[in-house]
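Working notes for the structure below.
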Amino acid sequence: MTAHPSPTPALPDELRSTPRTSETSAAGAGTAPTRVLVLNSGSSSLKYQLLDMRDDSRLAQGIVERIGEETSRLVHTPLQGGGGAKRETTGPIADHAAALKAVAGELTADGLGLDSPELAAIGHRVVHGGLRFTQPTVIDDEVLAEIERLVPVAPLHNPANLIGIRTAMALRPDLPQVAVFDTAFHTTMPEAAARYAIDVETADAHRIRRYGFHGTSHAYVSRETAKLLGKTPEEVNVIVLHLGNGASASAVAGGRCVDTSMGLTPLEGLVMGTRSGDVDPAVTFHLKRVAGMSTDEIDVLLNKKSGLVGLCGDNDMREIRRRIDEGDERAALAFDVYIHRLKKYIGAYYAVLGRVDAVVFTAGVGENAAPVREAAIAGLEELGLAVDADLNSVRSDEARIISPNYARVAVAVVPTDEELEIARQSHALVLALGSSNE
Ligand code: ADP
């Protein structure tokens, strides 16, 4: 297996005492099971991937959408041995339990049933782990209760994640179910970066602090960037720019996150597809007092009707670039605001880190939008940053450097892979538990 940040040395006691399941040896004498099913459960969707950790290969992937509606849709793609044709089914899928059963049926049809002794664990993406969960964690009743306790700080995400976990636990109660938290990578942030400068008692009473999100991606991408540079994660300082529909930046020093742009919720920081990112908090008072908006309306405005969509009506960077090419001024303004914010965070994290080895772009926009990368780095030559136009214009799924040879700091594009990271972390934990129980 490839390098891993290893949650193994610091396993908390409660994990050590977790009973070993019969699955660990069920695959045959001396062979630990190697497959991990990764589940990402949203309020009305269930995304999944089945991976084989012997070579990190994907055996199958898919999504169930519009769960609870008449027009639910399951799209399943077999991937083993060169892959097979995509299979699509539509029709009512009442709830997540029915969705997971439908997924299990598809996997069984591929000879990959969830009852297979090859399955080592189910890894769940959990958005908010608060301060408690700094590592991937085997889920038991107490862990479930703690994820539930965090619902007030992640009202959109944790309930949906919990539904997925409970459904999977009901289906395979004997199998280790591992929670991998979006916030975990950021728990290394120093207090200076994690604290808001508000009254300490009020903040602590309501657990108000900067948690950060997209941590699985920042962890994976920062490590892959070190590999690309031929170094260990401990040797490099990296600024990671995760630019998808949601977007966040992080400053990673020697493999540890020291700052990140999202805060108590995923609203803070960069301009995103539909989220504003940083605004003066007084904007909310103003909207309430002067515009007469309710708290819920302001919530929707800032989370769903702002960012690129608020500025120009589109949140897809491809469409925005097309409109700019046609001379559309609003699209140009949206692009400029997006880039300005991004540049400010690059500068800020450069200062936080002191020395930077690489600035790396990832996720939908970061991996695909050459004009965004070019514009974000433009004018930063004094910081040792530059983009080579030819390298930047290459389209590729591979991790690659796009800065010229002479540049002091590497600029890189590294495709993110949150599912692989969740699978790796889940599998490593299950192996560690297995060996600690031997
Ligand atoms: P999510 O946050 O939903 O996981 P992704 O990381 O998949 O998002 O990013 C989705 C976004 O990536 C799209 O909204 C679009 O703006 C952008 N994107 C995808 N492909 C391209 C492309 N070829 N060129 C420019 N932008 C792209």
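Each residue, glycine too, has its Cβ placed from N, Cα and C.
TrEMBL entries are annotated by machine, without manual review.
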Region 'Disordered' per TrEMBL - which of 1-30, 301-330: 1-30
Listed recorded positions ARG125, HIS214, ARG275, ASP316, ARG318, filtered to Cα within 10 Å of GLU418 (Mg(2+) binding site): ARG125, HIS214
Neighbourhood of ligand 1 - recorded positions from ASN245, ARG275, VAL365 with Cβ under 6 Å: ASN245, VAL365
Candidate with the highest Cβ count within 10 Å, taken from the binding-site residues ARG125, ARG318: ARG125
Integer Å distance between the CA atoms belonging to ASN245 (ATP binding site) and HIS214 (site 'Transition state stabilizer'): 12
For LEU243 (ATP binding site): DSSP state (helix, strand, coil): strand
